[in-house]
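Listed in TrEMBL for this protein:
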type     : residues : note
REGION   : 263-283  : region 'Disordered'
TRANSMEM : 12-36    : transmembrane segment
TRANSMEM : 95-116   : transmembrane segment
TRANSMEM : 128-147  : transmembrane segment
TRANSMEM : 167-184  : transmembrane segment
TRANSMEM : 190-214  : transmembrane segment
Amino acid sequence: MFTSNPFAELSANIPVAVMQGYIILMVLLVIVGTILDMMHKKSAKYFFLNAEKEKKNAKRQVGVGEKAVIAASVLLNEVATSGEFCNPRRRLSHLLTMWGTIIFVATTAILIFGYPTPETPAPAILPQLWHIGALMLAVGGYWFWFFIRVDVSAEGLTWWRLERADLFILSLLATATFALLWSFTQYRGISGWSTLFLVLFALSGVVLFGGVYWSKFAHMFFKPAAAFQKRVTRADGSREDLPFDYDPRDPEVQRKFPDLAEYMGKNPPNMGPGIRRERPSHY
Ligand code: HEM
């Protein structure tokens, strides 16, 4: 099953143009959904207004070269390795979900456009990656759904309680699950079930990519921009009006706050930011 290209098998029943049209439609849905989401939340407007405000509070200029270095570290840290997550379980689950989705979606497009029929056999690695991507997404996603998500892990709510905010994770899970079930039943030649799972797979894709306006799908585009902006405000000293992390043992800090010794003694301990003192589990 892992080396079989399910789309090539499908081409016996469904024209290749229909499969390719479906992918193009999904891309268009994501573009339209993201634009509508941006217009509705006015996120781009507030993002640029905020950036202007921070620029006025800047203590120093950040040049193009430094911005390129910042962009590279955002790509490496916040994007590729989900570096914003403090909780290692959430981070690992996000890494599985994110990279699983990327691998699964990319190989779907490559298989459908590059190797859509048995006459154009795909290199074995592609169907393998397609299945591995779907499995990674399913493992990371179900782990998140049953154990990690705030409602369940911190609020003590049941896993079956649904909200509109769950649209993204549930449509991701449905897409990966039905894709795997479709591939399995197709490989085993169980044609009735295979047709049912194919229809459910296609429908979950429509909900996932067509639901961008209502779900948090677009966070994958907005979060990197926000992470970049945050790093720029640290580099230019505006810091979004947040205070510095002062170390009370630093002579410079003691000069700045001469009454420090009065409150904390001659050798004040550095207690660090309180927020890191216990595992993040309260929201
Ligand atoms: C294919 C790409 C991605 C997928 C499938 C994905 C998936 C998810 C999921 C399922 C959640 C939990 C959602 C929920 O609470 O319902 C989440 C949260 C989060 N994601 Fe992603 N993500 C992707 C890309 C990214 C990128 C590129 C970034 C950052 C640069 C990012 C940063 C975050 C953060 C910080 C959270 C937690 C905070 C929040 O819930 O707003 N994600 N992501």
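From the backbone N, Cα and C atoms, a Cβ is placed for every residue, glycine too.
Predicted automatically and left uncurated, TrEMBL annotations should be read as such.
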Could you tell me what the rest of the chain brings near the transmembrane segment (167-184), counting residues at least six beyond its ends with Cβ under 8 Å?
1, 4, 6, 97, 100-101, 104, 131, 134-135, 137-138, 141-142, 144-145, 149, 193-194, 197-198, 200-201, 204-205, 207-208, 211, 214-217
For the transmembrane segment (12-36), which recorded stretch in the set 95-116, 128-147, 190-214 gives the largest number of Cβ pairs separated by under 8 Å?
190-214
When you scan the chain for residues with a C-beta under 8 Å from the transmembrane segment (128-147), skipping those not six or more beyond its ends, what do you find?
1-3, 5-6, 89-90, 92-108, 111, 153, 159, 169-170, 172-173, 175-177, 179-180, 183
